[in-house]
(Lines of atoms letter the chains of each structure in order from A; the text may use other names.)
(Lines give C-alpha, C1' and ligand atoms only; values in the text may rest on other atoms or scores of the structure.)
Protein backbone atom coordinates (compact mmCIF):
# COMPACT_ATOMS: atom_id res chain seq x y z
CA UNK A 1 0.00 0.00 0.00
CA UNK A 2 1.50 3.40 -0.94
CA UNK A 3 2.52 5.58 1.94
CA UNK A 4 1.41 9.19 2.05
CA UNK A 5 4.25 11.55 1.31
CA UNK A 6 4.31 14.70 3.45
CA UNK A 7 3.86 18.03 1.68
CA UNK A 8 7.18 19.23 3.08
CA UNK A 9 8.95 16.34 1.35
CA UNK A 10 7.35 17.26 -1.97
CA UNK A 11 8.40 20.89 -1.53
CA UNK A 12 11.95 19.75 -0.82
CA UNK A 13 11.99 17.72 -4.04
CA UNK A 14 10.65 20.70 -5.99
CA UNK A 15 13.35 22.93 -4.48
CA UNK A 16 16.04 20.34 -5.27
CA UNK A 17 14.88 20.12 -8.89
CA UNK A 18 14.95 23.91 -9.23
CA UNK A 19 18.43 24.14 -7.66
CA UNK A 20 19.80 21.46 -10.01
CA UNK A 21 18.23 23.15 -13.02
CA UNK A 22 19.63 26.57 -12.05
CA UNK A 23 23.08 25.07 -11.42
CA UNK A 24 22.97 23.37 -14.82
CA UNK A 25 22.06 26.68 -16.47
CA UNK A 26 24.93 28.53 -14.77
CA UNK A 27 27.47 25.84 -15.70
CA UNK A 28 26.31 25.72 -19.33
CA UNK A 29 26.55 29.52 -19.76
CA UNK A 30 30.04 29.55 -18.21
CA UNK A 31 31.26 26.73 -20.44
CA UNK A 32 29.64 28.15 -23.57
CA UNK A 33 31.28 31.56 -23.15
CA UNK A 34 34.78 30.28 -22.25
CA UNK A 35 37.64 29.08 -24.47
CA UNK A 36 39.07 26.24 -22.38
CA UNK A 37 37.21 23.28 -23.85
CA UNK A 38 40.54 21.90 -25.06
CA UNK A 39 44.10 22.71 -23.99
CA UNK A 40 47.49 21.59 -25.30
CA UNK A 41 50.83 22.56 -26.79
CA UNK A 42 52.23 23.22 -30.26
CA UNK A 43 55.83 22.71 -31.35
CA UNK A 44 57.22 25.86 -32.98
CA UNK A 45 60.75 26.82 -34.02
CA UNK A 46 62.71 28.99 -31.61
CA UNK A 47 63.32 32.56 -32.74
CA UNK A 48 66.90 33.72 -33.33
CA UNK A 49 68.59 35.28 -30.35
CA UNK A 50 68.74 39.05 -30.29
CA UNK A 51 69.64 41.62 -27.66
CA UNK A 52 66.09 41.58 -26.34
CA UNK A 53 65.96 37.76 -26.12
CA UNK A 54 67.84 37.43 -22.84
CA UNK A 55 66.05 35.08 -20.48
CA UNK A 56 63.89 33.64 -23.29
CA UNK A 57 64.51 30.47 -25.29
CA UNK A 58 66.12 31.28 -28.65
CA UNK A 59 68.54 29.87 -31.22
CA UNK A 60 72.18 31.03 -31.37
CA UNK A 61 73.79 31.93 -34.67
CA UNK A 62 77.32 32.80 -35.75
CA UNK A 63 76.29 36.04 -37.43
CA UNK A 64 76.75 39.30 -35.54
CA UNK A 65 73.88 40.76 -37.50
CA UNK A 66 71.33 38.08 -36.66
CA UNK A 67 68.37 40.34 -37.20
CA UNK A 68 69.29 41.12 -40.79
CA UNK A 69 67.47 39.14 -43.46
CA UNK A 70 70.59 39.22 -45.72
CA UNK A 71 72.86 37.60 -43.16
CA UNK A 72 73.62 33.90 -43.44
CA UNK A 73 72.79 32.28 -40.10
CA UNK A 74 74.05 28.94 -38.89
CA UNK A 75 71.95 27.28 -36.23
CA UNK A 76 73.89 25.21 -33.73
CA UNK A 77 70.87 23.54 -32.20
CA UNK A 78 70.18 20.08 -33.56
CA UNK A 79 66.99 17.97 -33.69
CA UNK A 80 64.41 18.82 -31.11
CA UNK A 81 66.57 21.52 -29.52
CA UNK A 82 65.45 24.08 -32.06
CA UNK A 83 61.75 23.64 -31.15
CA UNK A 84 59.79 24.91 -28.19
CA UNK A 85 56.33 24.03 -26.89
CA UNK A 86 53.82 26.84 -27.08
CA UNK A 87 50.62 26.47 -25.02
CA UNK A 88 47.18 27.01 -26.54
CA UNK A 89 43.53 26.67 -25.53
CA UNK A 90 40.43 26.52 -27.69
CA UNK A 91 36.69 26.82 -27.18
CA UNK A 92 33.56 27.10 -29.26
CA UNK A 93 34.21 30.68 -30.31
CA UNK A 94 37.98 31.17 -30.55
CA UNK A 95 41.40 29.60 -30.09
CA UNK A 96 44.26 31.39 -28.30
CA UNK A 97 47.98 30.63 -28.02
CA UNK A 98 50.76 32.36 -26.14
CA UNK A 99 53.21 34.67 -27.88
CA UNK A 100 56.89 33.74 -27.63
CA UNK A 101 59.16 36.20 -25.80
CA UNK A 102 56.16 38.44 -25.09
CA UNK A 103 53.29 38.68 -22.66
CA UNK A 104 49.75 38.02 -23.78
CA UNK A 105 48.01 35.72 -26.23
CA UNK A 106 47.14 35.71 -29.91
CA UNK A 107 43.55 34.61 -30.60
CA UNK A 108 41.67 33.72 -33.76
CA UNK A 109 38.18 32.47 -34.51
CA UNK A 110 37.81 28.73 -34.13
CA UNK A 111 35.25 28.71 -36.94
CA UNK A 112 37.95 29.79 -39.39
CA UNK A 113 40.12 26.85 -38.31
CA UNK A 114 37.57 24.10 -38.86
CA UNK A 115 37.67 22.23 -42.22
CA UNK A 116 35.01 23.24 -44.73
CA UNK A 117 33.49 19.74 -44.70
CA UNK A 118 32.88 19.93 -40.93
CA UNK A 119 31.73 23.53 -40.72
CA UNK A 120 28.05 22.57 -41.06
CA UNK A 121 28.30 20.15 -38.12
CA UNK A 122 30.03 22.87 -36.11
CA UNK A 123 27.19 25.34 -36.72
CA UNK A 124 24.69 22.66 -35.72
CA UNK A 125 26.54 22.19 -32.43
CA UNK A 126 26.38 25.96 -31.78
CA UNK A 127 22.62 26.03 -32.49
CA UNK A 128 22.11 22.99 -30.24
CA UNK A 129 24.05 24.72 -27.43
CA UNK A 130 21.83 27.81 -27.77
CA UNK A 131 18.66 25.70 -27.63
CA UNK A 132 20.07 23.78 -24.67
CA UNK A 133 20.53 27.00 -22.69
CA UNK A 134 17.09 28.34 -23.72
CA UNK A 135 15.32 25.13 -22.66
CA UNK A 136 17.21 25.07 -19.36
CA UNK A 137 16.10 28.63 -18.70
CA UNK A 138 12.50 27.73 -19.59
CA UNK A 139 12.52 24.73 -17.27
CA UNK A 140 13.93 26.77 -14.38
CA UNK A 141 11.27 29.46 -14.88
CA UNK A 142 8.48 26.86 -14.90
CA UNK A 143 9.79 25.26 -11.71
CA UNK A 144 9.96 28.64 -9.97
CA UNK A 145 6.40 29.45 -11.10
CA UNK A 146 5.19 26.11 -9.72
CA UNK A 147 6.82 26.75 -6.34
CA UNK A 148 5.98 30.42 -5.87
CA UNK A 149 2.94 31.48 -7.87
CA UNK A 150 0.78 28.42 -8.59
CA UNK A 151 -2.17 28.26 -6.17
CA UNK A 152 -4.31 25.59 -7.90
CA UNK A 153 -3.18 22.02 -7.29
CA UNK A 154 -4.15 20.70 -10.72
CA UNK A 155 -2.41 23.60 -12.46
CA UNK A 156 0.70 22.86 -10.41
CA UNK A 157 0.71 19.27 -11.66
CA UNK A 158 0.39 20.46 -15.26
CA UNK A 159 3.32 22.86 -14.88
CA UNK A 160 5.33 20.14 -13.17
CA UNK A 161 4.78 17.75 -16.10
CA UNK A 162 5.64 20.39 -18.70
CA UNK A 163 8.84 21.42 -16.88
CA UNK A 164 9.92 17.76 -16.74
CA UNK A 165 9.46 17.37 -20.51
CA UNK A 166 11.35 20.61 -21.23
CA UNK A 167 14.24 19.60 -18.96
CA UNK A 168 14.56 16.17 -20.58
CA UNK A 169 14.64 17.74 -24.05
CA UNK A 170 17.28 20.18 -22.86
CA UNK A 171 19.46 17.33 -21.60
CA UNK A 172 19.22 15.45 -24.91
CA UNK A 173 20.12 18.59 -26.89
CA UNK A 174 23.06 19.30 -24.59
CA UNK A 175 24.44 15.78 -25.00
CA UNK A 176 24.19 16.00 -28.81
CA UNK A 177 25.82 19.46 -28.87
CA UNK A 178 28.80 18.38 -26.72
CA UNK A 179 29.37 15.25 -28.80
CA UNK A 180 29.22 17.20 -32.08
CA UNK A 181 31.78 19.73 -30.84
CA UNK A 182 34.08 16.91 -29.73
CA UNK A 183 33.89 15.39 -33.23
CA UNK A 184 34.56 18.73 -34.94
CA UNK A 185 37.56 19.47 -32.73
CA UNK A 186 39.13 16.07 -33.42
CA UNK A 187 38.66 16.58 -37.17
CA UNK A 188 40.22 20.05 -36.90
CA UNK A 189 43.23 18.58 -35.12
CA UNK A 190 43.76 16.15 -38.02
CA UNK A 191 42.77 18.35 -40.97
CA UNK A 192 43.10 21.91 -39.70
CA UNK A 193 45.71 24.51 -40.70
CA UNK A 194 49.37 23.48 -40.37
CA UNK A 195 50.18 26.54 -38.25
CA UNK A 196 47.56 25.52 -35.67
CA UNK A 197 47.64 21.72 -35.35
CA UNK A 198 48.59 20.82 -31.76
CA UNK A 199 51.37 18.44 -30.81
CA UNK A 200 49.61 17.34 -27.61
CA UNK A 201 46.13 18.22 -26.36
CA UNK A 202 43.51 17.24 -23.81
CA UNK A 203 40.08 18.41 -22.67
CA UNK A 204 39.98 21.45 -20.39
CA UNK A 205 37.88 22.63 -17.48
CA UNK A 206 35.19 24.17 -19.72
CA UNK A 207 34.57 20.78 -21.31
CA UNK A 208 34.19 19.27 -17.83
CA UNK A 209 31.76 22.05 -16.88
CA UNK A 210 29.67 21.35 -19.99
CA UNK A 211 29.24 17.69 -19.09
CA UNK A 212 28.65 18.56 -15.42
CA UNK A 213 25.85 20.84 -16.64
CA UNK A 214 24.37 17.92 -18.59
CA UNK A 215 24.53 15.69 -15.48
CA UNK A 216 22.76 18.33 -13.34
CA UNK A 217 20.13 18.79 -16.06
CA UNK A 218 19.31 15.08 -16.16
CA UNK A 219 19.26 14.93 -12.35
CA UNK A 220 16.76 17.82 -12.31
CA UNK A 221 14.63 16.03 -14.92
CA UNK A 222 14.62 12.78 -12.93
CA UNK A 223 13.73 14.62 -9.71
CA UNK A 224 10.86 16.45 -11.42
CA UNK A 225 9.48 13.28 -13.02
CA UNK A 226 9.80 11.44 -9.69
CA UNK A 227 7.84 14.19 -7.92
CA UNK A 228 5.09 14.13 -10.56
CA UNK A 229 4.84 10.32 -10.59
CA UNK A 230 4.69 9.98 -6.81
CA UNK A 231 2.00 12.67 -6.59
CA UNK A 232 -0.15 10.97 -9.24
CA UNK A 233 0.22 7.51 -7.63
CA UNK A 234 -0.62 8.85 -4.19
CA UNK A 235 -3.58 10.75 -5.62
CA UNK A 236 -4.97 7.56 -7.23
CA UNK A 237 -4.49 5.64 -3.98
CA UNK A 238 -6.40 8.31 -2.02
CA UNK A 239 -9.18 8.18 -4.60
CA UNK A 240 -9.56 4.39 -4.29
CA UNK A 241 -9.47 4.55 -0.50
CA UNK A 242 -12.07 7.29 -0.49
CA UNK A 243 -14.41 5.34 -2.78
CA UNK A 244 -14.06 2.19 -0.66
CA UNK A 245 -14.75 4.04 2.60
CA UNK A 246 -17.79 5.78 1.12
CA UNK A 247 -19.21 2.46 -0.07
CA UNK A 248 -18.75 0.86 3.36
CA UNK A 249 -19.99 3.77 5.46
CA UNK A 250 -22.99 4.96 3.45
CA UNK A 251 -23.94 1.68 1.71
CA UNK A 252 -24.63 3.14 -1.74
CA UNK A 253 -27.16 1.23 -3.77
CA UNK A 254 -25.49 2.36 -6.97
CA UNK A 255 -22.02 0.80 -7.30
CA UNK A 256 -20.79 3.78 -9.31
CA UNK A 257 -21.95 6.34 -6.75
CA UNK A 258 -18.73 6.30 -4.67
CA UNK A 259 -16.71 6.91 -7.79
CA UNK A 260 -18.95 9.79 -8.81
CA UNK A 261 -18.66 11.31 -5.36
CA UNK A 262 -14.88 11.00 -5.52
CA UNK A 263 -14.87 12.70 -8.91
CA UNK A 264 -16.77 15.65 -7.43
CA UNK A 265 -14.27 15.77 -4.59
CA UNK A 266 -11.32 15.54 -6.99
CA UNK A 267 -12.68 18.28 -9.24
CA UNK A 268 -13.01 20.55 -6.25
CA UNK A 269 -9.21 20.58 -5.96
CA UNK A 270 -8.93 22.57 -9.16
CA UNK A 271 -9.81 25.77 -7.34
CA UNK A 272 -8.34 24.75 -4.00
CA UNK A 273 -5.16 26.18 -2.53
CA UNK A 274 -4.68 23.21 -0.19
CA UNK A 275 -2.21 20.42 -0.83
CA UNK A 276 -3.90 17.89 -3.14
CA UNK A 277 -2.15 14.88 -1.66
CA UNK A 278 -2.63 15.51 2.06
CA UNK A 279 -3.58 12.52 4.26
CA UNK A 280 -7.34 12.14 4.71
CA UNK A 281 -8.19 12.16 8.40
CA UNK A 282 -11.93 11.60 8.09
CA UNK A 283 -14.97 11.69 5.87
CA UNK A 284 -16.84 14.59 7.48
CA UNK A 285 -16.05 16.87 4.54
CA UNK A 286 -17.78 14.38 2.21
CA UNK A 287 -21.15 14.46 4.01
CA UNK A 288 -22.72 16.74 1.43
CA UNK A 289 -21.24 14.72 -1.40
CA UNK A 290 -22.73 11.50 0.02
CA UNK A 291 -26.22 12.90 -0.58
CA UNK A 292 -25.52 12.38 -4.30
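Here the Cβ of each residue, glycine as well, is placed from N, Cα and C on the backbone.
Note: TrEMBL annotation is automatic and uncurated.
Quantities reported herein were computed from a predicted structural model and do not represent experimental measurements.
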Of the ranges 161-184, 233-256, 257-280, the one TrEMBL annotates as transmembrane segment is 161-184
When you scan the chain for residues with a C-beta under 8 Å from the transmembrane segment (121-149), skipping those not six or more beyond its ends, what do you find?
11, 14-15, 17-18, 21-22, 24-25, 28-29, 32, 92, 111, 114, 156, 159-160, 162-163, 166-167, 169-170, 173-174, 176-177, 180-181, 183-184, 217, 220, 224
